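What follows is a set of notes on a single structure, which appears directly below.
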Amino acid sequence: MDSDTSSADFHSTETLVSTPKYSYGVLINVILLVSWTCFRVVNWFLVTLPSILLGMLSKTFQITLSLSSILMFVVAVTAICFLVVRYKYLTRYSRNSAAKEPAKKSFDIDDLSKKKKSSSKTSSNYLDQFLSAIQVFGYLEGPVFHELTRNMTTQKVLPNEVLYLDESLGFSIVVEGTMQVYTKVTNLSNSSLNAEDDGLDLRYENDDVLCIGNDKYQLLNEVKSGAPLSSLMSTLDLFTSNEVPLSPTKFGSYSLTAVTPLELSPNNTGGNSPPPSLAPEIVARPKGTTSTTLAIIPYTAFQRLHKKYPKATSHIVTMVLTRLYKVSMNTIYNYLGLSKDILDCERNLNAETNERLPSYLSKGIIEKFHKTEESASVEGSPTLPRRSTVNLRALTRQASSSRYVVLASRSKSTHPGDLLSSVPLSRRSDYYETQTIPNESEDSPTIQRSSLRRRASHSTSLRKSNSVLEDIRVRGFSNEREETEETSLRTAIVEQIFTHLGISEDDPTVMNINPTSASSSASSSIVGISKLNYGSLDSINSPRVDPMTSIRSSLASNGNKVYQTINQHTKEADVLQEKPKKVVLPGSRGDDSDFVAVKDEFARAIQMKYIQPGKTIIEQDSFHTGIFYVIDGSLDVIQESNGKSKKIYTVKAGGITGYLNCLIGMKSLVSVKASEDSSAIVAHIPSHMYSKLIDKFYFLQLPIARRLKRLLSKQFLTIDYALEWCHISAGDILSKEGEPANGFHIVLSGRFRVVKFKTPFKPVASKAGHDTYDYNDNLIDESNKKYTSNDVEILGEYGHGESIGEVEVLTASLRKNTLIAVRDSETARIPRALFELLSLQNPSIMVKVSRIVANRLSKKDSEEILDKPLAMTSSDSPYISSNFKTITILPTVSQLPVREFADKLVQALKAIGRNVIALDQASTLTHLGKHAFDERLAELKLSGYFAYLEEKYETIVYVCDTPVKSNWTSTCISQGDCILLLADADDEDTAESIGSYERLLIKLKTTARTDLCLIHPEKYVTPGSTSIWLKNRVWVQGHHHIQMEISPTQTTSVMKPKIPIISELAKKIKDRANPNIKLKLEEVKGKALASFVKLNNKINAHGRMSFNGVSVHKNDFLRLARILSNEAVGLVLGGGGSRGISHVGVVIALEKHGIPIDLVGGTSIGSFVGGLYAMDYNTVSIYGRAKKFAKRVSSFWRILTDLTYPVTSYMTGYEFNRGIWKIFGFTEIEDFWLRYFCNSTNITNSTMDIHETGYSWRFIRASMSLAGLLPPITYNGSMLLDGGYLDNLPVSEMKKKGAKYIIAVDVGSVDDRTPMNYGDTLSGFWVLLNRWNPFSKHPDVPNMMDIQLRLAYVASVNALEISKKTPGVMYLRPPIENYATLDFAKYDEIYRVGYVYADELFTSWKSSGKLPDIAGMGDKVRKDMSGEHVSLSRRNSI
């Protein structure tokens, strides 16, 4: 056992000792192997390989080839190289430009409207409907709103009840259901409304006429929930307890107090019916079989509001006057043509007031002006100085005091001791009507009693005694009360003007207000809608006794009704309620010194003027003329219409003119001038001073507005009551397709887009004569369907002053289109019932509206005739008038030259004759105050200011010069009809992303047209750069390239340009270059420029056209102004092969005569020349590039090498394609400096395609592809051929682009219309002999090719005839009949023919005055725009 163990240990020890020896042996073997391998490799390279090479080189080879083999090899190699170069290298342009253009994403029609479907559902919340209706008062602050609505009550009207609307009870609002409002038409009861008895069918609906007894009521309007039932004008009488007596011209406030229920009962017929004067003028009833709920604000709430918050009262009065002007007067004058109702206001105003100035005051000013006129030789109206050296101090008047008037007329030498020159005198002219002064002489002044300056005493008896017993014979004298004759005259004039305006010192609406405080603390109030009569108030002073108090009971409970109703079914009237008593809220009369201060302020604003005979002081259609008071003489009021002047009436001494113009800010409807045979002396209060004083003394607005209301006729107030003032936010829908046409709209401000669904409903005629939808054909639920741009068609737009929907109203049909507000807009809605009522009373209205509709339909028919050649076009861009009212200039990012751009655009708009104003934040704040955008209350004033500007100016430019988060930025976006999005063309970062202002534009979801204005430092566009801007901006509808310098500071702040490596390397090489080489290069450069100048002078007739600077007619801002103002000039060049070279001469002649071009379009060769002009906008490059192309196309060898087997065409098209590509390169149509389009014939879809985007060479080649000669160009699977097959002169498409004037150049072959008569059969041999027979009288019969060509151009011939008759077209046809289609080798000859023809034609047109007055062509424009930046006309070399 031990031996075994010891042996094992021995073996293990041996193994451990032998292991290191084995490891060393393996390592040595590896080293030896690697060494041996390296030796073998080195040996092979150093010994074996050289030996092999030497052996091979020492051998001899011999190859024998025949000549034919060598030639074949060379031909094969050459062919392979040619094919590789020809189809691999030389066609790279085709493969690069064949990539599909990124199509813009189709937008959802839901994006056009922000209106949610849930909002279309009628809300059952009374408060929501009430808040919607109370917006007619403008924005009301919290306390004011609470005071106005704290005593509001509701009344429910059942379906079988008729409501007698008494507007003196309060202001009512429909919060649930629909009310039908009727007006009494007693004057038509025996004629028009009974016409059906005579066999005439007037087609009244069942609900149009309501009979109560013998009285007939005609439907006036339907008031839906959320709309006021009361007239806004009626609120003027709710603020005061002194009710104005009813007059024949008064409307709306007819009380039921004089009418009993039995008299108004339907079963009361015959002679027992009440007199027509006692019957209510306005009644209402619920529509259909559903009840209606009214919310009523009692009149006491308005009186309390007037007492506590007089400033809020002035705001409501401002809203009333604003609506009166914007809605009622604009509609009545501009659309309905009832100008007499408006002009009668001022005539009646002067007829009611016959007072004149005292003779002792007027005589002095008359003598002074006549003496000044006789002594002065300078032309103009002498004006009296505003104030004399003596200051008038407004002091508190005592009962026994008077005025001490120093008469300047009495300080003459002829009256040295006249005692009457220093006596206290009255300013009233009617003193002698009540007083008798003995021993009156001619020279003595008229001594009168003062009635307008009576001080209110604390005692009523003292006040009465002062007003009655005040007499000049008992007055004392006071030196402190001394006046000069001038100050007394001014005060007397103010008093006379106040009398006209309805301002009286005794008016409680004036004297109960303290102008120094806008509000007072809230007094105690009675809560509860049942106590509308405020019977618990102890402070009621002198309540007015109501005539029907005995038959009325007080509203003691909530269940009693405010308005009286009559049950139609039971024919029993409800118990008459007692009319609430008028409340006079407590308060003392203000100090007379306040009113004296008011008159003194107005007196300071008066300007005395002498008007020469026949001189006009107010021009028709002018704004803010002010009020004129006639002191002496007379003024003629003249209305001009259709070039004829008509004298309406004469304003004599003591009258005023300019009343409505100054009062509500409307434009003057008449011209006012002095009589031809005599001069006039007037006192003038400028409009801006009047507005300033009215704002200061705001409590004067209420009596002025009440006086105006009393002057309006009943018909005017009826129209005002029924008209609706609609406010539509941007993106909201005004009317939907398929809705009943129950009225038409007149656009007051804003813009609407007309949209039509391509899958319309199917209307069927019903028995009643109305169109209804037949839903039985397709019962498909489309309520949740989203419509995309492919499902809708944009038909056009409606702008300021245009009317919408008359045709549907006249034909009693459904709406055919959908109207969407482009921006925040306002319309005046004329209900169908009101229109029918007015048509019965005034047939002239129907005649005028019929003419408007007929003119519109006639224009539409002419446009449809014009569009007939384009019935097959694939262009879906509608004709939309680009005469934008408001233009917003919005940058993409900050630090862009927005203000400089706006200044240049405004200057250009003025240069073309537009009345334009630019608005930025600073100018708006200057006019409206620093809180114009911060207070919600200022929104009314802001919108009113914008509306006034839209009425006064043709174009308003909103300059967005504020940060993104500014309120002014959002205001600019919301106010724009067209938004010009400014961008720096070199800003690559913004091009591929979205700017900060663009994000706000997207967020606001505006639907206004948005055009991208790319600003370039030079007239050069990098090929392909424009599409980068446009491909991701689906909200951009167009773009313009504008040359304008951007300051270096702005450039660095906008972007950090990347310096190309090549440019940097070139700069370094230039710095290190030899000075001698630099001088040599400069010398070569100078020679090159000199040669270019020579070439330009040769082309432009011996240097007549300057090469030194940009001509005025090529100014980019003038071009942009014409496009935005619908004054654009379009150039259309027709097709005709080589005859189109004459287009080059015509274009150069246009440049010579300074005729601007804004849009370019063409067909075939016209698309080529037009593309050159639109791309370069320069005649030098056009001439050189066109000549280069003509030389290439006319090359015999190029044509020969391009021939192919004529299966589709005789030529492959390669040489032709490359010739065009050599000219245009990779420039896209979007890169052209001018807006451009060309047409082609799509033989795949049988349509005419209009190309405005994409690679220019490809679509110009498509437009020039003659069938048989060249193969069609394929694009998106369609084959495109020459556009001349359908329209060889696309004038109609240019008209759709908005061009007002179109210069159309036709170079097509003459259509042979020789009569043919060869019988019913034709022999080919006879045709051949007929052509060879020189004595034959028969015309040559066309061959098969001629017939195919004529057949191909049938559509084009008809389109040409229509193009010649298009309005605004200047048709030119150079004498090029002697040249063939392929005579490109005669370039210079054909060019000269076109140039000489156009030059002579334009010269003759100018001399004879036939050339249209194109905006931007006049000498004045050249002078005004001559200060623009000047640079080289051409932008790159040929």
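Every residue, even glycine, has its Cβ placed from backbone N, Cα and C.
Taken from Swiss-Prot as is:
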type     : residues  : note
TOPO_DOM : 1-25      : topological domain 'Cytoplasmic'
TOPO_DOM : 47-64     : topological domain 'Lumenal'
TOPO_DOM : 86-1438   : topological domain 'Cytoplasmic'
REGION   : 432-464   : region 'Disordered'
COMPBIAS : 432-450   : compositional bias 'Polar residues'
MOTIF    : 1135-1140 : motif 'GXGXXG'
MOTIF    : 1162-1166 : motif 'GXSXG'
ACT_SITE : S1164     : active site, nucleophile
ACT_SITE : D1282     : active site, proton acceptor
- [ ] Looking only at C-alpha atoms, tell me how far the residue listed as 'active site, nucleophile' is from D1282 (active site, proton acceptor), rounded to the nearest Å.
- [x] 6
Task: Nonlocal neighbours by CB distance (under 8 Å) for D1282 (active site, proton acceptor), same chain, sequence gap 6 or more - done: G1135, T1163, S1164, S1240, T1241, S1263, M1264, S1265, L1266, A1267
Open item on the list: Let's see if you can do this one: DSSP helix, strand and coil counts over the motif 'GXGXXG' (1135-1140), in that order.
Closed with: 4 helix, 0 strand, 2 coil
Task: Integer average pLDDT (0 to 100) for the topological domain 'Cytoplasmic' (86-1438) - done: 74
Task: Surrounding CB atoms that lie within 10 Å of the CB of S1164 (active site, nucleophile), all protein chains - done: 29
